[in-house]
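Student: My questions all concern the structure below.
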Amino acid sequence: MRNLSAVLSRRWDRAPAPRTGRTQRAAAPRSWILDPSGDWYYWWLSAMVLPVMYNWIVIVCRSCFAELQEQHTVLWLSLDCLSDALYLLDIAVHLHTGFLEEGILVQDRAQIRRRYLRSASFPWDVVSVLPTNLLYLHLGPAVPAVRANRFLRVPRLFEAFDRRETRTAHPYAFRIAKLMLYVFVTIHWNGCLYFALSTYLGLGADDWVYPNASRPGFARPLRQYLHSFYISTLILTTVGDTPEPQREEEFLFMTAGFLLAVLGFATIMGSMSSVIANMNAADAAFYPDHGPVQQYLQAHGVGGRLLRRVAGWHQHLRAHRKLVGEQAVLRHLPSRLRAEVAASVHLPALRKVSLFQSCERGVLEALVLKLRPQVFSPGEFVCRTGDVGREMYFIREGRLAVVAADGVTQLAILGEGLYFGEISLINIRGNRSGNRRTANIQSIGYSDLFCLSKEDLTEVLAEFPSARALMEAKGREILLRMDKLDVHAEAAAVAAAEEAEQRVQALEVALEELQTRVARLLAQLESSAFKLALRIGRLESRAQQRRLARDRAPARDQGPTRLQGPDGGRGPEGAQGPTRVRGPTGVQDPMRAQGPTRVQGPNGVQGPTDVQGPTRVQGSTRVQGPNGVQGPTGVQDPMRAQGPTRVQGPTGVRGPTGVRGTTRVQGPTDAQGTTRVQGPMGMQGPTGVRGPAGVQGPTRGQGPTGVRGTRRRGPRR
């Protein structure tokens with residue numbers, strides 16, 4: 001097979017390599033590399049329909065009707081040779097038809113040849129061109145069935161039908177014709193087999209087989225074929241009225257025909273009905289149905305002339321195949337291709353408008369996608385004087401009349417290719433008519449117009465600012481020629497616009513300054529907050545350090561447990577130690593540290609009183625001399641530091657001899673209580689008692705006979 005393909009393609013292999021660009025397209029026929037989507041390949045497929053259909057229809061007919069083969073042997077042999085030549089040429093076309101790879105047409109002959117030789121269709125193509133005609137030398141030309149291998153080229157027929165269906169302007173009609181062809185071929189084959197079976201069983205042997213050729217008129221080949229075709233149609237359509245079979249072969253043939261009718265014909269007829277239904281659905285999708293509108297008008301009692309106008313409008317659309325929804329037709333195309341299709345249809349009419357003549361092609365291509373077709377019936381007004389202008393119109397087909405206020409007098413006639421209403425689409429300052437219509441436009445007959453709305457034009461011009469400026473300048477020139485432009489009003493409007501623009505710019509500058517000030521204030525606020533956070537952090541750190549230092553101090557400071565005289569004996573009887581020691585009256589620490597309440601000598605000598613420390617520093621609970629003499633009480637520090645619980649003299653007598661007060665009483669931060677308390681023999685008074693800020697009591701308190709009171713110190717900061 002590879003040798004055969006090499007021989008067939010040897011001539012074209014000598015062709016020069018394909019070139020690129022425009023030269024490649026011009027040299028495509030000479031290089032014999034066909035595009036599978038091009039015209040050359042399409043027309044070749046259309047030509048291949050003929051030999052395939054010839055073999056499928058004629059070979060079976062010649063095989064079953066022997067007289068037909070004998071009468072035209074030379075003709076059939078010539079057609080057979082021509083068919084075989086086309087089959088061989090089709091293989092060569094296959095070897096020189098490019099294919100798409102990643103969307104790019106491959107034109108390399110080696111790749112094309114390799115792909116075709118490895119394809120599934122290549123073996124069948126080779127088998128279909130095998131020279132089976134050589135069997136005529138042994139069997140004779142009366143056996144055309146040796147060409148049955150030519151039936152294997154039928155996929156080429158289906159491919160040609162598919163290509164034709166995508167290119168035809170009437171795809172539904174083509175589908176119906178294709179299904180009818182399949183029905184005809186099926187009946188043709190069944191009729192030929194019926195006559196062959198009748199010949200095998202004997203012509204005229206019974207009522208079911210074909211009548212004997214001896215009967216007048218039944219010997220002609222045309223009569224034989226038509227009779228067989230008729231019987232085949234009766235069998236496959238199952239309409240009945242067929243001769244009753246008599247033999248087993250006849251029963252088998254009838255059964256096979258009925259099964260083919262049930263399965264094959266049902267499928268074909270179902271496909272045909274589906275095609276017709278889809279065709280009606282497509283018409284309903286593209287053309288509006290007047291049934292619902294008619295029912296609506298009848299339900300509300302509207303009839304007469306208006307109902308006839310509505311019905312006539314719908315009939316006009318269907319009769320002349322006019323679409324009112326072109327967007328629905330083109331919605332499946334890519335955006336760029338849809339723009340090109342719309343431009344090819346509407347761009348010539350759009351270029352005639354003087355307002356759009358200075359616009360670039362991109363603006364026009366965007367505008368043609370916004371055009372909407374409208375059909376106006378006879379006597380219908382397109383617009384009236386004073387109406388708000390929201391659209392402009394292009395006359396595609398028909399005639400319109402500019403009528404006076406009476407609605408009868410015609411002032412002008414507008415024909416195909418003209419337009420009106422373009423000034424109302426652009427807001428031009430100084431336009432005396434504003435956006436109001438200045439004329440009555442009435443349709444004389446059925447008129448096809450294209451409508452461009454103001455919203456669509458604004459949407460397009462938003463993307464093309466330069467085109468908008470050009471169109472405004474063009475519209476201003478048109479208004480000046482028509483004497484409908486108020487120059488003073490335009491200048492005032494321009495001045496007002498400039499003033500408004502200046503105000504806007506001033507507001508923008510003020511807004512920028514305000515934003516700058518706000519940003520500066522925010523920065524200062526952030527800086528102040530950061531500094532405040534640092535100070536709070538330092539204060540918390542100091543407070544934490546003080547709290548830790550306070551926690552390290554002893555939880556409870558205790559005073560002396562026992563007061564003794566100089567020799568360890570008790571003081572003289574009646575000698576009374578200091579009962580209460582107080583700091584200076586009215587001196588108070590922030591935390592109210594209180595020193596000793598009262599200090600009393602042995603003979604009623606008192607020390608300084610009412611000296612208060614920070615937090616009521618209390619000395620010993622009870623200090624008692626020899627005869628009920630009490631020491632300083634009520635001196636308390638923050639941790640409840642207590643003085644001695646019992647004071648004794650040298651010999652068990654509680655007196656002032658050698659009476660010693662609390663050793664050290666501290667306040668909240670080094671607040672000291674009384675340092676030393678002595679009895680009458682050298683007893684000292686409270687000395688160095690300090691308040692919260694260095695407040696001291698009397699330096700030295702002395703009794704009557706040199707007896708000194710106890711010496712106390714208040715809290716020290």
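Using N, Cα and C of the backbone, Cβ positions are placed for all residues, glycine too.
Positions annotated as coiled coil by TrEMBL: 490-524. Per TrEMBL, the feature compositional bias 'Basic and acidic residues' maps to 543-555. Per TrEMBL, the feature compositional bias 'Polar residues' maps to 615-624. Taken from TrEMBL, the feature compositional bias 'Low complexity' covers 647-669, 695-708. The domain 'Cyclic nucleotide-binding' annotation in TrEMBL covers 355-461. If you look up TrEMBL, you'll see 543-717 marked as region 'Disordered'. Sequence annotations record features per position, and here TrEMBL assigns transmembrane segment to 41-61, 179-202, 251-272.
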Student: Quick one: average pLDDT across the coiled coil (490-524), no decimals.
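Tutor: Here the predicted model's pLDDT, averaged over the coiled coil (490-524), is 87.
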Student: Mind checking which residues of the chain, 6+ beyond the ends of the transmembrane segment (251-272), have their Cβ under 8 Å from one of its Cβ atoms?
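Tutor: Residues 176, 179-180, 182-183, 186, 190, 193-194, 197, 232, 235-238, 242, 245.
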Student: Count the residues of the compositional bias 'Basic and acidic residues' (543-555) that DSSP assigns to helix (H, G, I), to strand (E, B) and to coil, and report the three numbers in that order.
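Tutor: Going by DSSP assignments, the compositional bias 'Basic and acidic residues' (543-555) contains 10 helix, 0 strand, 3 coil.
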